[in-house]
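Working notes, structure below.
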Amino acid sequence: FVSYQVEILDWKTKKQLCFLDKVEPNATIREIRLMLHKVYPRWYPARQSIKLDPKGKSLRDEEILQHLPVGTTATLYFKDLGPQIGWTTVFLIEYTGPLFIYFLFYFRMPFVYGLDERFTSSPHPVVNLACICHSFHYIKRLIETVFVHRFSHGTMPLRNIVKNCLYYWGFAAWLAYYINHPLYTPPSYGKRQINFAVIMFLLCEAGNFSIHVALSDLQRNGSKIRKIPYPTKNPFTWLFFFVSCPNYTYEVGTWISFTIMTQCVPVGLFTLLCFIQMTIWAKDKHCTYLREFKDYPSLRMPIIPFLL
């Protein structure tokens, strides 16, 4: 076979970082990352972005050198992504915070509402129910992180963890402050409104979990090949007939039901922000599916059936 020569340049300065001689044609980008790591130990593979063009997208680990639009002397560009942290660790940190922060307000610690209200329970049963639902949501997320999720990207930049934690932890504190406040008033329509919201909440949580399991099953045995997700025998997965990202649809539904249950403005604002962010993610994933699969189901929308 004809061996390749690979020149790796800095994406910004175009300075040559290393020259790899006699690289096998079937070498993957992951193997090239490992070769670069041997030359520069501080740049471990997860920290590297390897590109064909300085302003282009990063090449995937499984892409093979001889299948790329390069000659036998290939020029690749390297970008340092900075210190990385594993996604499992990220999610565990992000989701553990809201779980415990909420309890500080639920138990009305002295430094939250003042000495007169310390350790007093709310007279409204919906406050206890809201605490149970909020805790259930984040405990479910933690369980999924450990036992269900399979991450296509193993890491994210360490600097992002601060931003993500501020978002999740900050909103948890804001919601909890108002829901557990001594002056909190229960929903206008009483038990009917609360019962409807709880049923909706549990259905959406079950749906969200079902979709995560279905997506995880697509990547059994560590496979990183992207596949089209389809409905299974589980009725909660039938939403795949209509949307590309039903996990986001169910997630938004969960927070809408929590808003109805608590009838609290900060929860509604958090739900709105969740919907906006998840719509952006869903549209991006939907476009990726359309780009990668010519036979992708035409009926599907990103997040809301027939609309969005």
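Cβ atoms are placed via backbone N, Cα and C, with glycine included.
Features reported for this protein in TrEMBL:
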{"type": "DOMAIN", "residues": "5-80", "note": "domain 'TECR-like N-terminal'"}
{"type": "DOMAIN", "residues": "155-308", "note": "domain '3-oxo-5-alpha-steroid 4-dehydrogenase C-terminal'"}
{"type": "TRANSMEM", "residues": "85-107", "note": "transmembrane segment"}
{"type": "TRANSMEM", "residues": "166-184", "note": "transmembrane segment"}
{"type": "TRANSMEM", "residues": "196-215", "note": "transmembrane segment"}
{"type": "TRANSMEM", "residues": "235-250", "note": "transmembrane segment"}
{"type": "TRANSMEM", "residues": "256-276", "note": "transmembrane segment"}
Same-chain residues at least 6 beyond the ends of the transmembrane segment (166-184) whose Cβ lies under 8 Å from its Cβ atoms: 94-95, 97-98, 101-102, 104-106, 108, 112-113, 117, 120, 122, 124, 127, 130-131, 134, 262, 264-267, 270
Beyond the flanks of the transmembrane segment (196-215) by 6 or more, those residues with Cβ under 8 Å of it: 129, 133, 136-137, 140, 144, 148-150, 187, 229, 232, 234, 236-237, 239-240, 246-247, 249-251, 253-254, 256-258, 260-261
Model confidence over the domain 'TECR-like N-terminal' (5-80) (mean pLDDT, whole number): 91
